[in-house]
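K.L.:
Below you will find the structure I want to go over with you.
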Amino acid sequence: MTTLAIDIGGTKLAAALIGADGQIRDRRELPTPASQTPEALRDALSALVSPLQAHAQRVAIASTGIIRDGSLLALNPHNLGGLLHFPLVKTLGQLTDLPTIAINDAQAAAWAEYQALEGDITDMVFITVSTGVGGGVVSGGKLLTGPGGLAGHIGHTLADPHGPVCGCGRTGCVEAIASGRGIAAAAQGELAGADAKTIFMRAGQGDEQAQQLIHRSAHVLARLIADIKATTDCQCVVVGGSVGLAEGYLALVETYLAQEPAAFHVDLLAAHYRHDAGLLGAALLAQGEKL
C-alpha cells in the first residue's frame with residue numbers, strides 16, 4: 001500500500017509517495033504560506049497533493065504544532081504565519097478522499113530515526129532545530145505523544161528566564177533563542193534582518209557576531225540535552241532540522257555538552273533521514289496504524 005506523506009513545517013510544505021518498502025518517490029515542495037487564513041494553507045496543500053493523490057491509498061501528515069483530534073493547534077503561531085488552528089485530517093480527507101492520519105512532525109521524525117538506529121536501543125530523543133525547536137521521545141520502544149499531543153515539545157522548556165518572549169507566550173524558551181527564527185531575531189547592526197541561513201554563511205566567513213549567535217544557540221541546545229538526559233535517561237539524542245544539520249553545528253553542541261557533568265552526557269547523532277524523517281515517520285506510523 002502506498003502512502004501519500006505530507007510534512008507541514010514553518011518554512012516549507014513537502015509531500016511524497018512512500019511504499020511499503022519505505023522508499024520515497026516523487027518528492028515535491030512548496031513554501032509554507034505566511035498567512036493567518038486557513039484558506040491559504042488549504043490551497044497550498046491542494047496544489048501540493050493533487051499530482052500525487054491518485055497514486056496513493058492513504059494519507060499521513062506530519063505537521064508542526066500540537067496535533068489533537070486530527071487538528072493542528074499552533075503552540076507558536078508565528079511558525080505558521082499566525083495561523084492558530086487548522087483541521088488537518090478533515091481537510092486532507094476532503095481533498096483526497098483517502099483515509100488520513102496526522103501527527104506532530106517531530107514525533108513522526110523521532111519514530112523514523114528510531115527505526116534507523118543500530119544496536120539495542122529502546123530509549124531515544126529526537127530534536128529538530130529549524131524554524132522552531134521540536135522533539136520526539138521514544139521510551140521503552142514506544143513513541144510518546146501524550147493524551148493531548150503535547151509530548152516532546154521540548155523547545156518550549158526554559159532556557160533563560162530573562163530571555164526573549166516566545167511565540168507560545170512563555171519567556172526565554174529554548175525555541176526563542178536556539179531556533180533559526182531565534183538566531184535571526186537576535187541579530188543586530190549589519191546582520192539585522194538576516195535569516196539564519198545568511199547568518200551561518202557569514203559565520204563561515206568569520207563574522208564575529210554571526211559566530212556568537214550560533215554559539216549561543218548551540219550552548220542553549222546542549223543545556224537542553226543535559227536536561228533531557230536527566231529527565232529521560234535516554235541512550236542517545238538524534239539532532240535534525242535545517243539548523244541542527246548545518247555544517248559544524250552539531251560539533252559545537254557536542255563541545256558545550258562535554259562541559260556539563262559526566263552524568264548528563266549522552267551520545268549525539270545527526271539525523272539519518274536528514275530532511276525526510278517527518279515524511280517517512282508519518283508513513284511508518286500509518287502503516288502500523290499506531291495512532
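Placed from the backbone N, Cα and C atoms, the Cβ positions cover glycine too.
From Swiss-Prot, for reference:
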type	residues	note
BINDING	5-12, 132-139	ATP binding site
BINDING	HIS156, CYS166, CYS168, CYS173	Zn(2+) binding site
K.L.:
Have a look at the binding-site residues ALA5, ASP7, GLY136, VAL138 and say which one has the shortest Cα distance to CYS168 (Zn(2+) binding site).
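P.N.:
With Cα distances computed to CYS168 (Zn(2+) binding site), the winner among ALA5, ASP7, GLY136, VAL138 is GLY136.
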K.L.:
Secondary structure at GLY134 (ATP binding site) (DSSP, helix/strand/coil)?
P.N.:
strand
K.L.:
Cα of VAL138 (ATP binding site) to Cα of HIS156 (Zn(2+) binding site): how many Å, rounded?
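P.N.:
Cα-Cα, rounded: 19 Å.
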K.L.:
Other than its own, how many Cβ atoms are within 10 Å of the Cβ belonging to VAL138 (ATP binding site)?
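P.N.:
Looking across every protein chain shown, the total is 26.
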K.L.:
Please report how many Å separate the Cα atom of GLY134 (ATP binding site) from that of CYS166 (Zn(2+) binding site), as a whole number.
P.N.:
14
K.L.:
Excluding HIS156, CYS166, CYS168, CYS173 themselves, which residues in that chain have a Cβ inside 8 Å of the centre of the Cβ atoms defining the Zn(2+) site?
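P.N.:
Apart from HIS156, CYS166, CYS168, CYS173, the close residues are LEU75, ASN76, GLY155, GLY167, GLY169, ARG170, VAL174, GLU175, ALA176.
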K.L.:
Sort out the sequence-distant neighbours of ASP7 (ATP binding site) for me: same chain, 6+ apart, CB within less than 8 Å of its CB, listed by position.
P.N.:
LEU13, ALA14, ALA15, ILE61, ALA62, SER63, ASP105, ALA108, GLY278, LEU279, ALA282
K.L.:
Going by DSSP, give the three-state secondary structure for HIS156 (Zn(2+) binding site).
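P.N.:
Where HIS156 (Zn(2+) binding site) sits, the three-state DSSP reduction gives helix.
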K.L.:
Here are the binding-site residues: GLY9, GLY132, GLY134, GLY136. Which has the lowest count of other Cβ atoms within 10 Å?
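P.N.:
Output over binding-site residues GLY9, GLY132, GLY134, GLY136: least Cβ neighbours within 10 Å is GLY9.
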K.L.:
Could you say whether, by DSSP, ASP7 (ATP binding site) belongs to a helix, a strand or a coil region?
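P.N.:
Once the DSSP labels are grouped into three classes, ASP7 (ATP binding site) ends up as strand.
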K.L.:
Going by Cα-Cα distance, pick out whichever of the binding-site residues GLY9, GLY132, GLY136 is nearest to CYS166 (Zn(2+) binding site).
P.N.:
GLY132
K.L.:
CYS166, CYS168, CYS173: which of these binding-site residues has the highest Cβ count within 10 Å of its own Cβ?
P.N.:
CYS173
